[in-house]
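**Q** Taken from TrEMBL, the feature transmembrane segment applies to 39-57, 69-91, 97-122, 134-157, 177-197, 209-228, 503-521. Feature annotation from TrEMBL assigns domain 'CN hydrolase' to 244-497.
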């Protein structure tokens with residue numbers, strides 16, 4: 001092992017960068033659905049030893065640049081492999097946009113990798129041969145990961161923290177400290193081998209940190225097993241939900257000639273009555289994001305058809321487009337959820353607030369018009385953002401927290417909704433990404449939100465994966481990716497408020513400051529010995 005480490009540390013130039021890129025690619029296999037997180041006990045130490053290599057024999061500025069470059073290349077490999085599925089969106093109309101795919105993928109991954117580059121560059125003044133350098137790296141890394149999930153509308157998707165919570169057992173810690181805190185803990189846990197191979201003068205510190213890393217990991221697993229062993233309370237007033245998964249291919253979804261059969265398929269799955277799935281028992285029907293291929297409120301015949309399909313006392317939540325014309329005669333289009341009663345009356349609606357950049361609106365649209373990204377928006381003018389977070393449901397359903405598409409990726413925003421929800425309903429259209437790992441990663445985020453909030457998640461996805469998820473993040477029922485069908489089950493009961501749902505990311509701030517303070521004290525003591 002010492003021979004391997006010394007060879008890694010002595011690497012320079014393109015060889016160092018090649019190993020960093022390959023380590024990043026391999027690390028991506030820790031993400032859902034592969035979830036091979038033990039690989040990170042190899043990839044993270046290799047990455048750290050490459051940072052050691054980049055810091056050797058250079059001045060402060062050159063060391064910072066070299067370390068930042070290693071971080072960027074490692075991130076480039078990781079994000080290219082983690083988000084390769086974004087390229088599938090460019091193949092929906094391949095004759096027009098396939099040529100753009102490699103450029104879009106590269107620049108997307110390269111942009112995300114800048115956050116990891118910044119972390120490595122910023123930590124360089126604190127870098128040394130001491131194992132305490134890992135704690136400094138974890139602190140700066142966690143801060144930059146928080147920034148990645150916040151700035152420029154944010155993308156808190158992928159990363160070491162999500163890898164550490166990729167199984168149902170390990171996921172339970174999210175109910176205590178939330179995902180940002182796991183992003184602080186994960187680098188420490190996965191750096192475990194580094195703690196065992198340190199200089200003789202730092203060996204005692206290395207062993208102590210190794211003990212902390214093992215304790216963190218074992219405690220996380222033990223808590224997970226304990227929590228999953230607790231009984232799930234029974235619903236006080238059981239609600240039967242039917243999730244409709246029509247499996248409409250993206251290239252067919254918005255063709256005018258397909259409107260009739262798409263709507264008919266939705267109605268057919270809604271009214272389907274077969275053994276074990278009696279339609280008259282259903283209280284809540286859920287259709288996916290933009291399921292209805294026309295402006296529902298402008299089509300009385302569509303509302304009447306829905307009324308004929310629904311049982312009298314049932315409720316339908318469906319994704320649909322909604323438009324308004326303001327006093328200047330300009331049109332605003334919203335990506336919305338409608339709540340309809342059994343007689344086809346629209347009772348309420350929710351407009352998506354957190355829109356996807358380049359997918360639902362174009363930042364600096366005039367500048368980007370020429371490069372072909374406009375095809376990712378459902379309307380030529382893009383979507384307008386909603387302004388109010390609100391709960392739907394009521395009566396026998398309880399209160400429902402609505403989320404559209406990747407709004408489920410933002411835990412802190414979910415906590416900003418009014419209190420009192422009994423469930424989360426997430427409607428999405430992942431048809432853009434075909435049978436790739438993208439829909440599985442999206443599902444994993446929904447499981448994480450269930451654990452963090454203690455709420456069941458009802459997920460309706462056009463092409464999958466539709467699912468009923470209990471508050472422990474377990475899949476109660478699901479419909480396979482790339483199939484049409486339905487999921488029908490009792491909505492699991494919610495749990496009492498979790499620690500994270502009460503305190504949110506203030507827990508992360510507390511742990512970050514505590515870890516930083518203790519690390520600073522330890523580092524200063526070591527200097528004065």
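Placement of Cβ uses the backbone N, Cα and C atoms for every residue, glycine included.
Note: TrEMBL annotation is automatic and uncurated.
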**Q** Between the stretches 39-57, 97-122, 177-197, 209-228, which wins on the count of C-beta pairs under 8 angstroms to the transmembrane segment (69-91)?
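**A** So the stretch in question is 97-122.
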**Q** For the transmembrane segment (177-197) and the transmembrane segment (97-122), does the number of C-beta pairs under 8 Å, pairs 6 or more apart in sequence, reach 3 or more?
**A** no
**Q** Grab the pLDDT values for the domain 'CN hydrolase' (244-497) and give me their mean, rounded.
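**A** Value for the domain 'CN hydrolase' (244-497), mean pLDDT as a whole number: 89.
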**Q** Any contact between the transmembrane segment (503-521) and the transmembrane segment (39-57)? By contact I mean 3+ C-beta pairs closer than 8 Å, pairs at least 6 apart along the chain.
**A** no
